[in-house]
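Some features that TrEMBL has for this protein:
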- 489-572: domain 'STAS' (DOMAIN)
- 73-92: transmembrane segment (TRANSMEM)
- 123-139: transmembrane segment (TRANSMEM)
- 151-173: transmembrane segment (TRANSMEM)
- 260-281: transmembrane segment (TRANSMEM)
- 320-341: transmembrane segment (TRANSMEM)
- 353-372: transmembrane segment (TRANSMEM)
- 384-406: transmembrane segment (TRANSMEM)
- 412-432: transmembrane segment (TRANSMEM)
- 444-468: transmembrane segment (TRANSMEM)
Amino acid sequence: MDNSINPEPLVNFAPPRDFATSLKSDLKETFFPDDPFRQFKDDKPTRRVAKALQYFIPILEWLPKYNLRLLRYDILAGLTITSLAIPQGISYAKLAEIPPIIGLYSSFVPPLLYAVFGSSKHLAVGTVAAASLLLSSTLDDVVSSKDNPALYLQLIFTATLITGIFQTALGFLRLGILVDFLSHSTITGFMGGTATIICLQQLKGFFGLNHFTTKTDVISVMHAIIKNRKEWRWESAVVGIVFLIFLQLTRYVAKKKPKLFWVSAMAPLVTVVIGCLFAYLAHAEDHGIQIVGHLKKGINPSSIHLLNFDSKYLPTVAKAGIVTGLIALAEGIAIGRSFAIMKNEQIDGNKEMIAFGFMNIVGSLTSCYLTTGPFSKTAVNFNAGCRTAMSNVVMAIFMGLTLLFLAPLFSYTPLVALSAIIMSAMFGLIKYEEAYHLLKVDKFDFVICMAAFLGVGLGIIRALLYVARPATCKLGKVPNSILYRDFEQYPGSTNVPGILVLQLGSPIYFANCTYIRERILRWIREEQANIVSKGDILENVFLDLTGVTSIDVTGIETLIEVHKTLQANDIK
């Protein structure tokens, strides 16, 4: 009889991958989760070059397939968004405290570049209110747009260049993951908060004030309005209210009958045209209604010589460029994805970053300021039936014709008309129903939304909390089954006396290993306290690691520490 003890069975593990293979796999999953190189496999070298060019320059992919049938739709869409681009360009330039003509320039060159490098068929390029306000509020800290407008404009162009370089670098380095930290609730809250501030800023135009605050908080704005009440002009307020009511009525019509979207799309241009005629015929300036002033003919002049890298201003300029660049990326990519989903299509976030970056780099050299994909213009482009990015080319052509021949006609545009256009557009960004939906679905997301400008920080904190405080739970056996589920979710579950089963629901690494160790030990203490009264003892702890997809060295050391602690307490 063989009394020898059989050795414990061993688990056969596959040989581990070498470091280079693991690193390559990790880098691929981090920076190339969409596997963009799969299309180049099994192709001849010449074909690979052609596909590579099509991948990095999307126009080379769709332009050879373009035809007159598609052009008909894109011309209509391009003409429609041009009618929106003219008043918005002038209005948002006013918001950025730069010459109105710069806003028109910014709808000429950037759309051409996006048509070449952008991956969205529906995105319409232009200036946006949030970035305009952020640029002005940040740069006004170092240079006054009123006291030194020439230097202020130089810093605007320099900030736009920095934005472009930043966005391009993110795209080439495939760091689109940074934009993912801006959650939907964060963007909703930020845009809503910004829209509220912008609406308050427009009260200057409504009341026809000459003096106003450069600050953006509610208290400062209301104080400036009351302080300068002697400058109030009732004529300006009446005209502004009439224009605002007209714009809101057209938005209501378009919302009730989507086929009449063009009514809302054309309304801002109609407002500007009527405003110009009114100001010219009624000599509005004599009645306290301010106008835009002279707009010169001609397409974008070079602004390379205007770039200013003075160390005195560079830190603030860099901050303005990076912050507005990140916000513009988040807004543009989110909007592009939203409309692509409606057509069951996909856009490449990293390509969009590169396209936005090129737009702003070249734009900064051709008298443009920051551009991205605004929601209002993209929605109009989509509803107008655009088929490809050619609609941006059409818009650029019409805008070029406007700059060459029609720009001076808009010199009589009343500032109060622009204030009404901006305010009407901002009302659409304050999404009450979405905020209420967040309140019902996720209270934490609602708090982030309500935090508005502070929402970015709270969103990142929440993401970090999910990483550093992963889900853990105690499992129990569901009656009449072989399933083990969370005790709190299934209160009727039972456990085997003397055995504790715990489930860990995330990778274990340095950021969360301390929490995991403390949580496991706490579960054990609580279980021991519960079974002492029953006369049982805790003998075994099982860890369900099906949710643990990876573990680093610190995590391994943590599990070893937990094992030693349990051994010291006679628990297996």
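Cβ coordinates are placed from backbone N, Cα and C, and glycine is handled just like the others.
Automatic, uncurated: that is what TrEMBL annotation is.
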Mind tallying the domain 'STAS' (489-572) by DSSP state, helix then strand then coil?
36 helix, 14 strand, 34 coil
Paired segments the transmembrane segment (320-341) and the transmembrane segment (151-173) in contact, 3+ CB pairs under 8 A:
yes
Positions on the same chain near the transmembrane segment (384-406), where near means CB under 8 A and six or more residues out:
58-59, 62, 66, 70-71, 73-82, 85-86, 104-105, 107-109, 111-112, 114-115, 118, 120-125, 261-262, 265, 297-300
Among 73-92, 123-139, 151-173, 260-281, point out the range having the most Cβ pairs under 8 angstroms from the transmembrane segment (353-372).
151-173
Mind checking which residues reach the transmembrane segment (123-139)? Cβ under 8 Å, same chain, six or more beyond either end.
81, 85, 88-89, 92-93, 95-97, 103, 106-107, 110-111, 114, 145, 152, 155-156, 159, 190-191, 194-195, 197-198, 201, 214-216, 316-317, 319-320, 323-324, 327-328, 331-332, 335-336, 339, 359, 369-374, 377-378, 380-381, 386, 389, 391-392, 395, 422, 425-426, 429
Averaging the per-residue pLDDT over the domain 'STAS' (489-572), what integer do you get?
83
